[in-house]
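Taken from TrEMBL, the feature transmembrane segment applies to 25-48, 60-78, 98-120, 140-158, 200-226, 238-261, 273-292. Positions annotated as domain 'G-protein coupled receptors family 1 profile' by TrEMBL: 41-290.
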Amino acid sequence: MKGVNASAPREFILLGFSDRPWLELPLFVVFLVSYVLTIFGNLAIIAVSHLDPKLHTPMYFFLTNLSLLDLCYTTSTVPQMLVNICSTRKVISYGGCVAQLFIFLALGSTECLLLAVMSFDRFVAICRPLHYSVIMHQRLCLQLAAASWISGFGNSVLQSTLTLQLPLCGRKEVDHFFCEVPALLKLSCVDTTANEAELFFISVLFLLLPLTLILVSYAFIARAVLRIQSAEGRRKAFGTCGSHLIVVSLFYGTAISMYLQPPSPNSKDRGKMVSLFYGIIAPMLNPLIYTLRNKDVKGAFKRVIVWVFLIKK
């Protein structure tokens, strides 16, 4: 560890798209608007799910966890990105980079598992409706949520430690907007094959395995829905799952493209844009997807607004 400590710089330079200064103003606007919408959208879902008794169900308990996760997810990267875009010195301290790496990894891993847990909840609700309240009791919901968070943070401890142990040999220019494992591996002056293999293996566990469970759950859900006689019943069943499927497609599609696709010389800018999508755009879209497609959430918003208005009167 002596050599590692000696090679650790005091700060990193986050290059982002600094070679294309004309992109900085449009990116600043996009990042700022996305972050504001993410904050207000996810806070609104957390508040409404807490205030409206009709939303005190397992589905909205997990949705609240997802909203809290997305809030922290974007806050770990976007404020620093906004500061760097406005600054001539696009730097982040070594401690800030370590914290950013750890939090981003932990929350990204947690979201992978949480989305799988949410699909299990939908599976029980549609395929075992008479036993739903018995199966998805409060204790199990708390255990599933806790397992997702603990596993995500445990994975982050492992990957962050392995990444930060690599000697950097004085290199401190991170060709990215924030500190992420693939970008930091490129700074090392030793062979990173073992780290890349470990990253690929962990990515399979946290991306492909949960995605497989989600797809299996929805295969059973689709079969159960097709057996429903009434068109209204089928529409309602698909409606409760549609929002989750869209969120799963956005998150897993971009994350798999980033972590499981073989690197290529031409993939540098593509990797940056993919990271921005699942790290900034997806958390912004999640509350919009759940509110625009969900009658229960829209009804809860109306009831809370009326309640607040009456209190003010």
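From the backbone N, Cα and C atoms, a Cβ is placed for every residue, glycine too.
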Highest-contact recorded stretch vs the transmembrane segment (60-78), from 25-48, 98-120, 200-226, 238-261, 273-292, CB pairs under 8 Å: 98-120
Candidate ranges 25-48, 140-158, 238-261 - greatest C-beta contact count to the transmembrane segment (200-226) (under 8 angstroms): 238-261
Cβ-Cβ under 8 Å with the transmembrane segment (25-48): same-chain residues at least 6 beyond its ends: 16-17, 55, 63-64, 67-68, 70-71, 74, 78-79, 81-82, 85-86, 280-281, 283-284, 286-288, 290-291, 297, 300-301, 304
PLDDT averaged over every residue in the domain 'G-protein coupled receptors family 1 profile' (41-290): 85
Intrachain neighbours beyond the transmembrane segment (140-158), with Cβ under 8 angstroms and 6 or more residues off its ends: 58, 61-62, 65, 102-103, 105-114, 117, 120, 202, 206
